Amino acid sequence: MRKTVIAGNWKMHMTCSSAKEYIDKFIPFSKEFPSDRHVVIAPPFTAISTLASLLQGTNIQLSSQNVHWEDTGAFTAEISPSMLLEHDVRYAIVGHSEPRKYFSESDEQINLRARSAQSNGLIPIVCVGESIEQRERGEAERVIRRQVEQGLEQTDLTKLVIAYEPIWAIGTGKTCESNEANRICGLIREWAGFSDLIIQYGGSVKPANIDEIMSMSDIDGVLVGGASLDPENFARIANYQSI
């Protein structure tokens with residue numbers, strides 16, 4: 001049985017004080033979430049400690065926005081699994097299109113991050129997705145398959161989440177058609193060779209389209225960017241209604 005994972009990625013937003021204001025508003029909404037939905041927030045690293053304290057005793061889990069493959073060392077600007085575990089972090093996003101784009105992260109590095117997360121008890125959320133140029137050239141499936149096969153090598157597929165995020169839909173207001181997103185998620189599950197693989201969709205997810213997205217048979221959750229920055233909007237997404 002595949003579980004439902006609804007994750008909000010705050011990216012480089014929210015100070016500790018604004019994060020506290022957000023959580024104070026969000027927690028009352030969270031009491032209405034169905035018990036079988038795993039709701040996750042990925043704040044910036046500076047706010048993790050604050051949220052860890054505020055979320056104690058709630059049904060909301062923490063994720064980091066990245067994790068390094070070494071536990072200590074001369075890796076400026078990185079964060080290790082043990083640093084995250086100290087603050088009750090449960091998930092770690094790896095391979096998001098922004099680090100891939102701005103810091104030239106390779107599939108091999110993303111695989112190292114995912115394996116490090118798993119070996120330390122974190123659940124990696126491994127992001128994959130194509131650019132608009134790759135899609136227009138008919139390369140989308142080849143690109144995503146490579147990301148899946150290289151990114152998941154030597155990982156435990158029972159203890160990770162895949163997030164399909166077409167790059168052209170992230171922060172643009174353009175959403176991949178639900179049927180097409182569902183088709184790609186089905187292919188990802190096929191390429192991975194594991195029918196119970198948990199797969200999210202990400203890319204301009206918002207309250208107006210969440211019910212349709214979550215009605216798709218091969219989509220198990222969402223990775224939300226901009227819409228997760230508003231507590232009421234993210235609560236509506238987490239409390240989606242099945243069609």
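Glycine residues also receive a Cβ, built from the backbone N, Cα and C atoms like all the rest.
Now, the feature entries from Swiss-Prot:
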ACT_SITE  HIS96  active site, electrophile
ACT_SITE  GLU165  active site, proton acceptor
BINDING   ASN9, TRP10, LYS11, GLY171, SER204, GLY225, GLY226  substrate binding site
Problem set entry | Inter-residue Cα distance where the pair is HIS96 (active site, electrophile) and GLU165 (active site, proton acceptor), in Å | 8
Seminar exercise, completed: If you tally other C-beta atoms within 10 angstroms for each of the binding-site residues ASN9, SER204, the top scorer is ASN9
Seminar exercise, completed: GLY225 (substrate binding site) has its Cβ surrounded, within 10 angstroms, by a count of other Cβ atoms equal to 23
For this session: Mind checking which of GLY171, GLY226 has the fewest other CB atoms within 10 A of its CB? They're the binding-site residues.
Result: GLY171
Problem set entry | Diameter of the substrate binding set by C-alpha atoms, the set being ASN9, TRP10, LYS11, GLY171, SER204, GLY225, GLY226, in angstrom | 14
Exercise. In sequence order, what residues of the same chain, 6+ apart, have a Cβ less than 8 Å from the Cβ of TRP10 (substrate binding site)?
Worked result: ALA19, ILE41, ALA42, PRO43, PRO44, ALA47, GLN65, SER228, LEU229
Seminar exercise, completed: The sparsest Cβ environment within 10 Å, among the recorded positions LYS11, HIS96, is found at LYS11
For this session: Please report how many Å separate the Cα atom of SER204 (substrate binding site) from that of HIS96 (active site, electrophile), as a whole number.
Result: 15
